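Okay, structure first, notes after.
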Amino acid sequence: QCKRPLVGDNRILSDESNNQTFPDGSTVRFHCAAGYTTASGSRKITCNGTRWTDLELQCKKKSCGDPGDILHGMYDKPDGIVFGAIITAKCKDGYQLAGLVNTKKCGVKGWEGRNPVCEVVKCQPPPPINDGTSDQNEQFYVYGEAVTYSCKGGRDLIGHSVITCSSDGTFQPPPPQCLFVSCDSPEMSNAVRIEEKSPPYKYKEFVRYQCKKGYKMEGSDLLTCTEKGWDSPPPQCAVISCSKPPAINNGVYTPQKESYGYRESITYSCSQGFGLTGTGTILCGDSGTFETIPQCQEISCDSPSIKNAVINGSSPPYKYDDSIQISCNEGYKIKGYDYLTCGEHGWNPYLSQCIEMTCDATKPNNAVIVGGEAPTYRYKMIIEYQCNKGYRMEGSNSLTCQESGWNLPPPKCKILNCSKPPDVRNGKFPPRESYEYGQTVTYSCTEGFRLHGTSKILCTEHGTFEHPPQCLEAICDEPQINHGIVIEGKSKSYKYKSQVRVQCTDGYQMNGSDYLTCKEMGWNPPSPQCNINHQRWRIPLIVVPVLIILIVVGVALLWWIKSRKCK
């Protein structure tokens, strides 16, 4: 059997029996206490031998719901709106609770207590002021209503011209005063006024000061005239000085003193391996402090970015005094230094480059580059040469661009030489020590022989002379003379130095020599010409005028005879 169960926690045994024990297998029920409602779980437990099974019933506080709104107010709900919670009514600004009760409680049957009421705050009329007037005309004023004051006789209104009925039932701010207010011109040394009106200064007028260079202001730079005089004492301009600047890690400054004058400078420097960040030399400034203090940071160098290169040595990140070696890829050469050290200002000497290896075009005299000339030739490119016509090459006709430049010196194109010109029987030519391409040799024949072929032959691009002429025995054909014949020395052929005599036929007259000699180039002098002889048929010139005179005389004589007969 089981004893009477004791559970608690707002869970109550529903069995009305007053039994203190219950037999094995008995079942009892529980319910939630007043103000609570079932949340979850079974309400039953069972006696199992001498022990009750666990009670699963869970109870929670019930809600009283929204308490509603208060006109011109609100509820403060620190404990929520569940059973046992107390809410407090609060009025909005300018309103107050009517009565003393301002709370309600969530009970078993809902919200308990009467609803609070918020009524508007009221103010008594404000008092009048000396030498001034106001626009008040009410017996009382409600929250937010205002009264406006003004002064008489040119007096200054000290305070606020408009006061308002506030939430505590009084007018705020206090009523103003009507007074005559003026302030003398303030004086101060080492300063200048930058904003002012001419004295005397009236109520609420102001002056603004600025210290001269080398001085700093102690106090407010702006003074305003109030009913009690200036609102603050004139500021003082003190000589600017700077105290000792802060020390920095891994660095020092010079000179070191207890204080420094205006615009006096100090210079920071860093320990080895550290670099200055900021300005090294700073001044004691207008604010009496040194300008931005620099810092000494550990020197580091960025990882070098070098195209077409391999970097050996220290590994990144690179610190002060780390060194690296730069090796360029094949076909590239270093421009700068191959060993670099991380220094105060970065890599030292300067960051190198790997530039492409190129060879300048080189063209020997009297040669051409096969395929055309390029401005530069890249690594392992080949250039080929060909000598001009009439020249022969000494050296390799092709070069390869390598790391140190061309692998071989450029070839030379030397002009071709011909061997001695061929001899010509009964002929000769002026001898020389050598015969170059393009040069000519002129042949001439010995006396009694005539040149057959061209007299000049050329040294060709093959290193040989053209075919030479021949020197044949000088033989002359019979002279060919129109209207002429050979009268002496006639023969079938005429050898060198043979002579003939020629004569023109009847009626023709010779122009030239009648004696001809056979020479190497033919008859000398050349064969004469036989021209027709016109004098054989010519009338003497004197006959013509004589005939004319005779005819004139005869005509005149006939005319005279005729005229005589007529008489």
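Placed from the backbone N, Cα and C atoms, the Cβ positions cover glycine too.
Matching TrEMBL disulfide entries to the candidates Cys32, Cys91, Cys106 identifies the partner of Cys59 as Cys32.
Disulfide pairing as given by TrEMBL: among Cys47, Cys118, Cys123, Cys91 connects to Cys118.
Noted from TrEMBL: Cys178 is disulfide-bonded to Cys151, selected from Cys151, Cys211, Cys225.
For Cys59 (disulfide bond), the same-chain residues that are 6 or more apart in sequence and have a Cβ closer than 8 Å to its Cβ are Asp9, Asn10, Arg11, Cys32, Ala33, Tyr36, Thr37, Thr38, Ala39. Long-range C-beta contacts of Cys91 (disulfide bond), restricted to its own chain and to partners at least six residues apart, with a cutoff below 8 Å, comprise Ile70, His72, Gly73, Leu97, Cys118. Sorting each residue of the domain 'Sushi' (357-415) by its DSSP state yields 0 helix, 30 strand, 29 coil. Cys91 (disulfide bond) carries a strand DSSP state (E or B). Per DSSP, the secondary structure of the domain 'Sushi' (299-356) breaks down as 0 helix, 31 strand, 27 coil.
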